[in-house]
Structure formats: structure tokens, C-alpha cells
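S.K.: The domain 'Isopropylmalate dehydrogenase-like' annotation in TrEMBL covers 2-349. Positions annotated as substrate binding site by TrEMBL: Arg93, Arg103, Arg131, Asp220. The annotation site 'Important for catalysis' is assigned in TrEMBL to Tyr138, Lys188. If you look up TrEMBL, you'll see Asp220, Asp244, Asp248 marked as Mg(2+) binding site. Taken from TrEMBL, the feature NAD(+) binding site applies to Gly278, Ser279, Ala280, Pro281, Asp282, Ile283, Ala284, Gly285, Lys286, Asp287, Leu288, Ala289, Asn290.
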Amino acid sequence: MKIAVLAGDGIGPEITGQAERILLALRSDGLKLELEPGLLGGCAVDAAGEPFPEITRRLVKEADAVLLGAVGSPKYDGLPREKRPEQGLLAIRKELNLFANLRPAILYPELASVSSLKPEIVSNLDILIVRELTGDIYFGQPRGIERREGQRVGFNTMIYTEAEINRIAHVAFQAARKRKGRLCSVDKMNVLECTQLWRDVVTETGKEYPDVKLSHMLVDNAAMQLVRDPKQFDVIVTGNMFGDILSDEASMLTGSIGMLPSASLDDRNKGLYEPIHGSAPDIAGKDLANPLATILSIAMMLRYSFAQEEVAMRIEHAVRKVLAQGFRTSDIYEPGMKKVGTREMGDAVLANL
Ligand code: NAI
Ligand code: MG
């Protein structure tokens with residue numbers, strides 16, 4: 001198992017550092033893996049003048065899986081768009097054809113009171129958001145800012161092909177089949193033609209999954225329902241932009257963005273695994289970041305890319321125990337708990353593993 005580790009910027013190196021300690025411990029326990037560091041994002045801009053240099057492209061092409069911290073920093077705000085760290089992230093997703101982004105939102109019972117919702121609304125929450133990642137308005141052409149008739153005009157293009165919708169729908173139906181058998185597809189078909197096609201194609205694909213109960217919801221209602229009654233959902237499938245927003249919203253139901261892992265997969269289970277949060281420049285370098293989202297991301301990696309379900313569950317179990325023992329980074333801290341830094345949180349997970 002060859003794993004490319006792209007720590008990135010901000011808190012990236014701190015959180016991937018803890019995940020690497022876990023992987024190395026598993027290696028000394030007999031798991032055959034190799035870790036190869038690489039540069040992506042702002043650190044790559046500094047070293048090589050671009051966010052996704054050729055050497056990193058080769059590294060991730062050869063690797064079986066990629067572990068990513070996070071990229072970005074206000075330091076690069078003045079750069080042209082194609083040189084910005086976030087472009088590295090979009091480019092790597094496109095390069096590896098990572099069209100399926102899986103974002104589980106699970107509420108650990110110990111964090112029920114950290115959630116912004118009442119415990120009875122979120123207790124035992126376990127939903128999965130499947131977000132399409134290589135299409136939609138983030139990639140559509142034409143795009144830009146132009147001067148027209150004496151003023152500036154900004155524009156982007158929302159676009160999906162039938163084939164793109166079909167393949168993400170399959171991923172979502174298959175995930176739903178392994179869970180509670182319910183899939184909710186989210187669109188804005190009342191206003192946007194592109195998402196009318198989305199609804200039509202998901203419905204057609206659903207004919208192959210008679211065992212999965214398919215429903216449809218408009219995105220504005222979905223945003224509301226996620227806070228009103230999130231447990232009505234099992235699997236949600238949606239496009240790139242709606243998925244970006246809804247998955248951040250769902251993350252807060254679980255207590256902290258610092259708890260949520262993600263997997264981005266191609267059609268052969270090669271994947272990129274990363275926490276859903278960003279580089280958190282406000283707390284970078286202070287040993288404050290919660291490394292659990294990144295540690296849970298390696299559990300997803302072992303599950304999806306390497307079929308190591310048992311090891312994945314060991315990691316997830318160790319995280320649960322750490323929470324049960326009262327270890328809390330500041331983002332999930334409550335009085336009476338043991339406040340720890342990034343590294344001590346890593347220590348605690350390792351000890352339980
Ligand atoms: P962010 O997710 O980095 O931070 C939002 C808030 O959550 C901040 O208050 C931060 O301190 C906190 N937070 C995030 N991760 C945490 C963790 N592990 N433990 C404790 N607290 C945590 O989002 P923001 O501030 O909008 O973006 C910062 C930079 O990250 C920007 O340059 C942005 O473009 C980039 N970004 C990168 C992503 C990626 O690499 N996948 C995703 C989202 C943003
Ligand atoms: Mg986002």
C-alpha cells in the first residue's frame with residue numbers, strides 16, 4: 001500500500017503528522033505500507049511556484065491512495081486564481097478523476113451536548129452525504145469576470161452530463177443499499193435545468209435499485225430539514241456546489257468540523273482521504289487543531305482503498321474510546337473534560353489502538 005502524504009498548509013502538517021503516527025504504528029504491527037511525502041497547495045507554491053507541481057502529479061499517480069491535510073492561507077489571497085493553493089486541490093481531484101466524495105456525518109454520543117442542536121434531535125445521527133466532485137459550476141465553462149457595457153459582469157456555468165450524474169448515482173445507491181436503504185437526491189429543479197436533468201437521471205438509475213427507497217428534495221428545503229430533523233436522512237446525493245454547502249452544514253450537527261473525515265474516490269477505489277475542514281490559519285502552529293477528522297480519514301482509506309475493514313474499525317474504535325475517556329481538543333471541549341492539544345490527542349488514540 002503506497003500512500004502519498006500531502007500535508008499542505010496551516011494545520012495540515014500537524015494533523016497529518018498524527019495520522020502518520022497511527023499508520024506507522026500499524027506498519028510495525030504488520031501492515032505493509034509505504035508513506036511518501038509530497039507538496040500540494042501553498043507550500044508547493046512557495047517551493048515550486050505552482051500549487052500542483054509535476055513531481056506531485058507523478059507521486060499521486062503512482063500511489064494507491066493519498067492522504068491530504070488541507071491547503072490554503074490568506075497569504076496567497078493576492079495571487080491570480082490559477083496560482084492559488086485551492087487550485088491544487090481542484091486539479092488533483094480532476095487529475096485522479098475523484099468524482100465521488102463520501103462524507104459521513106456521525107454524532108458520537110459523547111459529543112451530543114457539543115452539537116448546536118438539541119440532543120434529542122441529533123442523538124445517534126448517522127448520515128452519509130455523497131457529493132459529486134468533478135463537475136458542476138466549479139468546473140463549467142465559460143466562466144470569468146468581464147467588462148460588458150461599462151460594468152463588470154461575473155459568470156459561471158452549471159453543467160452536468162448524463163454520464164456524470166449516472167455514475168455518482170450508482171455510488172450513492174450502492175452506499176444506501178449497504179446502510180438503511182434510503183437515498184435522498186437533492187437538486188433545484190424548480191429553477192435550474194441542469195438539476196432537472198439531475199433528477200431525471202437519478203430517477204432512471206434508481207430503477208436498477210428497487211430495494212432502495214429514493215426521494216427527491218429541493219436544496220433550500222434540504223438545508224432546512226438538516227437542522228429541523230436530520231435523522232430523516234440516511235444517504236444524501238447531490239452535486240458539487242450543493243454538496244459542498246450541505247456537508248459543512250451537516251458537520252456542525254456532529255459537534256465540530258474537526259471530527260469529520262472524507263473519501264474522494266475514482267471508479268476503481270483509488271482515493272484521496274482528507275478531513276473536510278480547511279487549513280484553519282487562525283489556529284495553525286499552536287497545537288490546537290483536532291486531528292480526529294484526519295485520523296478517521298485513514299480509517300476510510302483502509303476501508304475503501306485497501307479493503308482492510310477490520311483495521312479501519314480498530315481505528316474508529318480507538319477514537320470512540322478516546323472520546324469516552326474525556327480527551328477533548330478545544331473545538332470540542334466542555335468543562336469537566338480533559339483538554340488536550342493536537343499531539344496529546346494523537347498520543348491518546350495511539351494508546352487505545
Ligand atoms: P477552515 O475549515 O479552515 O476553518 C473554519 C473554522 O474551523 C476555523 O475557526 C478553524 O479554526 C476551525 N477548524 C477547522 N479545522 C479544525 C480542526 N481540525 N480543529 C479545530 N478547529 C478547526 O475554513 P476557512 O477558515 O474558511 O478556510 C481557511 C483556509 O482553508 C482557506 O484558505 C480555505 O480556502 C482553505 N480550505 C481548504 C480546504 C481543503 O484543503 N480541503 C477546505 C476548506 C477550506
Ligand atoms: Mg467546503
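For all residues, glycine too, the Cβ spot is worked out from N, Cα and C.
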S.K.: Could you tally the C-beta atoms, other than its own, that fall within 10 angstroms of the C-beta of Ala284 (NAD(+) binding site)?
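M.R.: For Ala284 (NAD(+) binding site), the count of other Cβ atoms within 10 Å is 17.
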S.K.: Counting across all protein chains present, how many other Cβ atoms fall within 10 Å of the Cβ of Lys286 (NAD(+) binding site)?
M.R.: 13
S.K.: Rank the binding-site residues Asp220, Asp244 by the number of other Cβ atoms within 10 Å of each Cβ, and give the residue at the low end.
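M.R.: Ranked by other Cβ atoms within 10 Å, the binding-site residues Asp220, Asp244 bottom out at Asp220.
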S.K.: With the Cβ atom as the reference point and anything under 6 Å counting, tell me which of the binding-site residues (Asp248, Gly278, Asp282) are near ligand 1.
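M.R.: If the test is a Cβ under 6 Å from any atom of ligand 1, the answer is Gly278, Asp282.
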S.K.: For the NAD(+) binding residues given in the record (Gly278, Ser279, Ala280, Pro281, Asp282, Ile283, Ala284, Gly285, Lys286, Asp287, Leu288, Ala289, Asn290), what is the largest pairwise C-alpha separation in angstrom?
M.R.: 16
S.K.: Would you mind pulling the DSSP three-state label for Arg93 (substrate binding site)?
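M.R.: Reduced to three states, the DSSP call for Arg93 (substrate binding site) is helix.
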S.K.: Taking only the Cα atoms, work out how far Lys286 (NAD(+) binding site) lies from Asp248 (Mg(2+) binding site), in Å, as a whole number.
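M.R.: Between the alpha carbons of Lys286 (NAD(+) binding site) and Asp248 (Mg(2+) binding site) there are 24 Å.
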S.K.: Can you list which of these binding-site residues (Arg131, Asp248, Gly278, Asp282, Ala284, Asn290) have a Cβ closer than 6 Å to ligand 2?
M.R.: Asp248
S.K.: Please find, for Arg93, Arg103, Arg131, Asp220 as listed binding substrate, the greatest distance between any two Cα atoms, in Å.
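M.R.: With Arg93, Arg103, Arg131, Asp220 as the binding residues for substrate, the largest Cα distance is 27 Å.
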